[in-house]
Each structure stands twice: as C-alpha cells, then as structure tokens.
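Undergrad: Before anything else, here's the structure in question.
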Amino acid sequence: MEVHKVVAPPHKSTVAKLKTKLKETFFPDDPLRQFRGQPNRTKLIRAAQYIFPILQWCPEYSFSLLKSDVVSGLTIASLAIPQGISYAKLANLPPIVGLYSSFVPPLVYAVLGSSRDLAVGPVSIASLILGSMLRQQVSPVDDPVLFLQLAFSSTFFAGLFQASLGILRLGFIIDFLSKATLIGFMGGAAIIVSLQQLKGLLGITHFTKHMSVVPVLSSVFQHTNEWSWQTIVMGVCFLLFLLSTRHLSMKKPKLFWVSAGAPLLSVIVSTLLVFVFRAERHGISVIGKLPEGLNPPSWNMLQFHGSHLALVAKTGLVTGIVSLTEGIAVGRTFAALKNYHVDGNKEMIAIGLMNVVGSATSCYVTTGAFSRSAVNNNAGAKTAVSNIVMSVTVMVTLLFLMPLFEYTPNVVLGAIIVTAVIGLIDLPAACHIWKIDKFDFLVMLCAFFGVIFLSVQNGLAIAVGLSLFKILMQVTRPKMVIMGNIPGTDIYRDLHHYKEAQRIPGFLVLSIESPVNFANSNYLTERTSRWIEECEEEEAQEKHSSLQFLILEMSAVSGVDTNGVSFFKELKKTTAKKDIELVFVNPLSEVVEKLQRADEQKEFMRPEFLFLTVAEAVASLSLKGPSLSNV
C-alpha cells in the first residue's frame, strides 16, 4: 500500500491567523465580498442597499406587486388591530398602546428588515413576560404612569440589546435557546396566557397578580361569586367561533382569510351587541373610551436611573432575547419556504432599532409574530410593503375609528388571545423530540413545567441552564471510540457500532471526535489510560503479541490548546514507558502546527509516526513494527 506523507501547513503570521479566525467567527457570510473590485459609486450604492434593504427591491417594484401587498396588508391589519388591543391588555398596558405598537414599528422594519413575509407587531409571549416582570415591583393599577414608563424603558433596553447583537455580530448567543427549549417554553407560556384570560372570560374583578398555575386556579375558584353568566356565555360563544374558524383554515389553507378576519369580525359583532343591548350595565366589562390620534412622543418617559433601572434592564434583556428569537425563527421559516435568504444580523439590527424607535413613540416590545406572518404569507405578500399597508390601516384607525372600540367587551379580547396562543402548543414537535433525543425532551419538559409552576422567566432560565449543561457535558466528555478493521476492506470504524469490525492485534486505534482543550484533556487522559490497560489485558489473555502501537485518528480534532498539547506530551511519556509507540493519523493543520512547535526535541511528531489514514498506518507499521519499536 502506498503511504502518503503528512505535510506541515503553509506558514502564516500570527496577525494573518487572527484575521482569518475573526473573519470565520464573526463574518462567516463575508458581507464585504460584494464591495471588492467595485468603483466607489457602486460601493456607496451597495452600502446603502446593505444598510437599507428596501433600496434593493424598491427600484424594481411594480403595480402587480403592489396589488398583492395591499391585499395582504389589509388582511393582516384585520388581525393586527384586535390582537394589538388584546396583547396590550395582556402586558397590563392601556389598549391604545397595542395599536401604537402596530403603527410605528412596522414602518421602521419595512425600511431596515430583510424578510418579505415578517408581519411586525406585539406578540403574546413578550407581552406576558413584560407585564409579569414589571408587575412584580410596580402595580399597573395603583401607579399606571410609572408602569407605562417602565414598559417603554424596558422596550428601549430590549431594542438596544437586540441591535447590539446584530452590530457586533453576536447572534450566536440566541442559539442557546434550542428548539426543545422554545417548544417547552412556548407551550408553557401559552397555557399561562390562556389561564390569565380566565379573569376576562369569567368576569372576575379580583384576580391574583401571580402568573403560575396554582395561584391562578386558586384565585379562579376562590372568587366563584364574581363569575358572570353573561360574560361566560359571550366568551364561550366567541371562543368557539374563533376556534372553529382556526380549525377550518388549518384544514383548508385556501380559506386562510376566514381565521384572519375572524378576530376583527368578533370585535365588530360583540361591540354592536354590547352597544345595542347595553350589556355593560349587565356585568359585561368593556374597554372604555380610547384616545384618538397618532402616537405621542415618549422619550421623556424613558428612565435611565433610579431604583427601577435594574428591573427595566433585566426585563428588556429577557423580552429582547425571546422576541428576537421568535422574530428571526419566523423570518427564516418563511424565507426557506420561498427560497430566499434572511440575514440574521440585519434582522437583529432591524428589530432592535424598531424597538428603540418604538420606545420613543409610545410603543412596547414588538417583533415578527408567527400567526400574522403566516397570514401575510398566505395572503400573497411579496415585499415588506405589506407592513406599510398594515401600518397605514392602523393609522386610519387611530385617527378616525377609535370611538368604535369604546363598547368592545374585554371577554372577546380574552377569547382572541386564547385562540392565538393555543397554536403555540406543539404536541407533534414534542413527540418528535422524544423520538430523537431524550435529553432534549427533558429540557423541553423543564421549560414547560418551569413556566407553569414557577414563572415565565424562571422556566426559561432553567431550560437555558440545562441546555448549557448539555453543551458543557459534550465539551468536557467528548466522544472517543475504539476502531477496528472491517474484513476485506481498508476501512476502520467504531467496534461497538459495526459488529463485523475486528481489532488488529498489537494495535489500539482510538478516534477522538472533538477538539482537545483544557475542559476535556483530563477526561481524555483517564479514558485513554483505561483503554490501554484493557487492551494489554486482552492481549495477554488471548496470548497475542503485546500492544505495540497506539494510533490516534484525529480527523475530528479541529483544534488544541495548551492543555491539549500537554495531553499529547504526557500520553507520549506514558506509552514510552510501556514500549508502545504513539501514532497520529490525519491531524489537521492547526493541530500539526501546534504539536510541532511544542515538540522541540522531535519526540513524538516524527514523520515515521504520521499517516493520512488508519489503513496506511497499520499496513506500514505491521511491516516495520519490531524495528520501529526500538527506534
């Protein structure tokens, strides 16, 4: 068999290596490549298009695209208006703030966002988290002005955090919210949100401030004397209507407009019923009078000092992470369906600046919602102009239609919220996770039950902590396997995976399947020593020749640090004492370079013990074995 040499990598300066490492870490998409070799005018145009994606598609915009965007924009507006009012109440904010948040942020996103399908506005989970975290220290009833100030300040910090992640290209931080974590978190939050609506659906006036399931259910059954049969009847009727339209649209996607228009129709019909029958005099709670006009400025309400600074910063951080994760996940989902690319870092900047601007214009945390984006996509949206159309529709509502909402019953808003969040409970995905990875399923359950029985933020923290623990376990306890030869071939595979694979007498072939660093070097030392001892005992029992070669297959070792180098040096000393030669197979360039630097005495990086494949190593060493052992 021909033996190929392992060559040292081309020399690179430290600066060049650092530059390459930083580029691959923070700029894997190489955004500057489009500027190379271009005249200055072209560079300026492309820079403007990169910062403002609207400039990319705006010159080619046509009337046919406008027709599609107008239809989709009006469709999502019919959903955004009742949802905006409902989600604001979920966040313990005045209902009008929900409409403000459906006006300004979509305009900002239309200019800065890169997704064609993302429909921007308030979302249930971020609303729940914002309201619950702020209410722990400030009552929205006793001090509504301060509560509103803290909500806007939290929105500013959320936007600042989101935009900073995009500018610094640190989006990988949100990847710690794994799919299992999100499914459990969203499912638990959906149940908590639904339970919170029991206050409105039953007509209860005195309700607990806690969010977990036990206090909520206790409060519901402790105040049965406050239950209003009129409210219950209206709530059940509209809830059944909304759930029926949702089920119909799921069964027949072409009828998406049925579920999209159902919330607005429910608001209109219920408002007419309350107005005609004066139901507010018979126990039906209504929104009340809402102010007319566009968003008033709120930058003077932002708080950057005082005793509540830590609260708003923490609330902004949590809501920022959750809303950013949801927005990017939704954007990427629909981009994949339509075969176009969404730049994650651009999205972070767009969503972040959208919230920063929103905090100064009486808006609270917004992002791209899955329900509205799905409707936007089904309605035929072609560009972000659909967000502009939705925003203009909300503007008209704010200017001229606000008196119509005075008699809108709160119970219908609760029914709208329950219908919207029930889709967040994804049982098929949970079953899929159970089949694939039991630990991920455990993480999902911890997130789910943590949200339900503790709090939204604690449930999220537990799930993220378990995800980090899983990553640490994978880093500190890397996979390492014994390899054997598949008879009749030159292929070497895991002995425990391929039962036909056979270990070669006199050789111990180990495959390390991770970088070797300070976190796992001690574990690898103990694991390797144990296998050497077991192999020697096995050789003695079967009366084979003694173990002569320890072969390390290193194709998956992408890097080593100082501790990793020490691991190999100590391993060489250990094997030398046992008259065993240490052999390296296919070490990568970074590993070769560092080991050669550390091997000043040329003790273990000798060419005769470096091979490209395990088969070449075994074939070559089998011929030279006895002589090489004494070199």
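Sequential numbering from 1, following the chain as shown.
Keep in mind that glycine also has a Cβ here, set from the backbone N, Cα and C atoms.
Summarising the annotation, Swiss-Prot assigns domain 'STAS' to 497-621 and lists sequence analysis as the type of evidence. Annotated topological domain 'Cytoplasmic' per Swiss-Prot: 1-69, 114-117, 166-171, 245-256, 331-347, 406-410, 463-631, in sequence order, evidence recorded as sequence analysis. For 139-144, 193-223, 278-309, 369-384, 432-441, the entry in Swiss-Prot reads topological domain 'Extracellular'. Taken from Swiss-Prot, the feature transmembrane segment applies to 70-90, 93-113, 118-138, 145-165, 172-192, 224-244, 257-277, 310-330, 348-368, 385-405, 411-431, 442-462, supported by sequence analysis.
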Undergrad: When only pairs 6 or more apart in sequence are counted, do the transmembrane segment (257-277) and the transmembrane segment (70-90) reach 3 or more Cβ pairs under 8 Å?
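TA: Yes, the transmembrane segment (257-277) contacts the transmembrane segment (70-90).
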Undergrad: May I have the DSSP-based helix, strand and coil counts for the residues of the topological domain 'Cytoplasmic' (114-117)?
TA: 0 helix, 0 strand, 4 coil
Undergrad: With pairs closer than 6 in sequence left out, are the transmembrane segment (70-90) and the transmembrane segment (145-165) joined by 3 or more CB pairs under 8 Å?
TA: no
Undergrad: Looking only at the recorded stretches 118-138, 172-192, 348-368, 411-431, 442-462, which one has the largest tally of CB-CB distances under 8 Å to the transmembrane segment (310-330)?
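TA: Ranking 118-138, 172-192, 348-368, 411-431, 442-462 by Cβ pairs under 8 Å to the transmembrane segment (310-330) puts 118-138 first.
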Undergrad: Could you please provide the mean pLDDT value for the topological domain 'Cytoplasmic' (1-69)?
TA: 79
Undergrad: Taking 3+ C-beta pairs under 8 angstroms (sequence gap of 6 or more) as contact, is the transmembrane segment (385-405) in contact with the transmembrane segment (93-113)?
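TA: Counting Cβ pairs under 8 Å (6 or more apart in sequence), the transmembrane segment (385-405) reaches the transmembrane segment (93-113), since there are 3 or more.
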Undergrad: Helix, strand, coil: count each for the residues of the topological domain 'Cytoplasmic' (166-171), based on DSSP.
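TA: The counts are 3 helix, 0 strand, 3 coil.
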Undergrad: Against which stretches of its own chain does the topological domain 'Extracellular' (369-384) lie, if we need a Cβ under 8 Å and a gap of at least six residues from its ends?
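TA: The answer is 54, 57, 61, 65, 68-69, 71-73, 75-76, 79-80, 83, 109-110, 113, 115-123, 253, 256-257, 259-260, 326, 330-331, 333-334, 337-338, 420, 423.
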Undergrad: Other than its close neighbours in sequence, what residues sit by the topological domain 'Cytoplasmic' (114-117), given a CB gap under 8 Å and a spacing of at least six beyond its ends?
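TA: Distant contacts of the topological domain 'Cytoplasmic' (114-117): 53, 331, 334-335, 338, 340-343, 346-347, 350, 368, 373, 376-377, 381-384.
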Undergrad: Do the transmembrane segment (118-138) and the transmembrane segment (411-431) share at least 3 Cβ pairs under 8 Å, sequence separation 6 or more?
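TA: Contact between the transmembrane segment (411-431) and the transmembrane segment (118-138): present, because at least 3 Cβ pairs are under 8 Å.
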Undergrad: Does the transmembrane segment (442-462) come close to the transmembrane segment (224-244), meaning at least 3 CB pairs under 8 Å for residues 6 or more apart?
TA: no
